[in-house]
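As written in TrEMBL, here are the features:
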- 102-111: compositional bias 'Polar residues' (COMPBIAS)
- 165-308: domain 'Peptidase S54 rhomboid' (DOMAIN)
- 90-111: region 'Disordered' (REGION)
- 128-145: transmembrane segment (TRANSMEM)
- 165-187: transmembrane segment (TRANSMEM)
- 207-225: transmembrane segment (TRANSMEM)
- 231-249: transmembrane segment (TRANSMEM)
- 256-277: transmembrane segment (TRANSMEM)
- 292-313: transmembrane segment (TRANSMEM)
Amino acid sequence: MNIIRAHALVRSVRILRAGTCKARGFKTSNCKRQENENGNSFRQNIEEWNNPNGPLDPSSLIKPFIFTVAFSAASLGVAKVFERRRVHREETRIRKRKSMPEDSSSASSTYQKNSDWITNQDFGSEPFFPICLLNVAVLLAWRLRPIQPIMVKYFLANPASPTNSWPMLFAAFSHISGVHLLTNMYVLYSFTQVTVSYMGPEQFTGFYFASAVISSFVSYVARVVLNRPGFSLGASGAVMAVLGFACTVEPDARLGFAFIPFLTMKASHVLAGLVAADTFGMFSQNSMFDHAAHLGGTVFGIFWATVGSHSLWHSDHVFDVKSKKKSDKFH
């Protein structure tokens, strides 16, 4: 039985909880440093914009809902187009090799290699690096004072904001600090390879972007229903979707805890524990984490593993490029 050395699991309850920070977490770190450097403090600007005591109108969810449906469909649709183009290129290459003289041993060998490559290729953690670079770029952008008003407007997700649609996506690439970014990216990297081995890079990318928006929308709904004004930022909603998918497709894999190598748990048990913890935390008054976003991402990951990837993604395919199951790809 494979033991997943996902060091993320040392913090998957702690790190992933810290993934999507609320206003309190934002105030206690970089904001104080900015406050000391400038009388018109960054924290004060954030507080004024956030309007924590303002009312939350259910009608504020209409535009985000439409955006969530449209953007998720578009991101997955574009990903499907790119996947088909790649498959078509490789299929054409194989046909050209196949049309070469039969007595050409090199042509036959190349054809076989290409055929195997299309169906069984291993992309590793290829999609992780562009996503990580985007997150790093946004973190650096927060340090540029001239554009901080733009960052506040578009990179903090708040249902009460007049601009509340695109921030659902952009906030998923926004982090409060280097540690916040590092922990989220560490967990994401730990589960990217096994997820990509099932999906392929195009589907994974579309899935990740859709997860970011869907988890943000679930956070919006929770804030409105529970009347808890505030804003969120962080990649953990999308990261939890990746984790949810990975643990669903490999339920019997064992997750190893960093620094406690002798302690392992089945992926299905860890997933159930995370869902229970986030469900409880969502109704807790004192939690400083956006459990609703975590839960939304996890549920979408489970849905995509059980229904979406099979019934939706492959419902109209012309050339099957499903990746082989590779349970040993967990780190």
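Start at 1 and count along the chain as shown; that gives each residue its number.
Just so you know, glycine gets a Cβ as well, placed from its N, Cα and C.
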Segment confidence, the domain 'Peptidase S54 rhomboid' (165-308), expressed as mean pLDDT:
91
Count the Cβ pairs between the transmembrane segment (292-313) and the transmembrane segment (128-145) that lie under 8 angstroms and are 6 or more residues apart in sequence, then report whether there are at least 3.
no
Helix-strand-coil residue split for the domain 'Peptidase S54 rhomboid' (165-308), DSSP-based:
103 helix, 14 strand, 27 coil
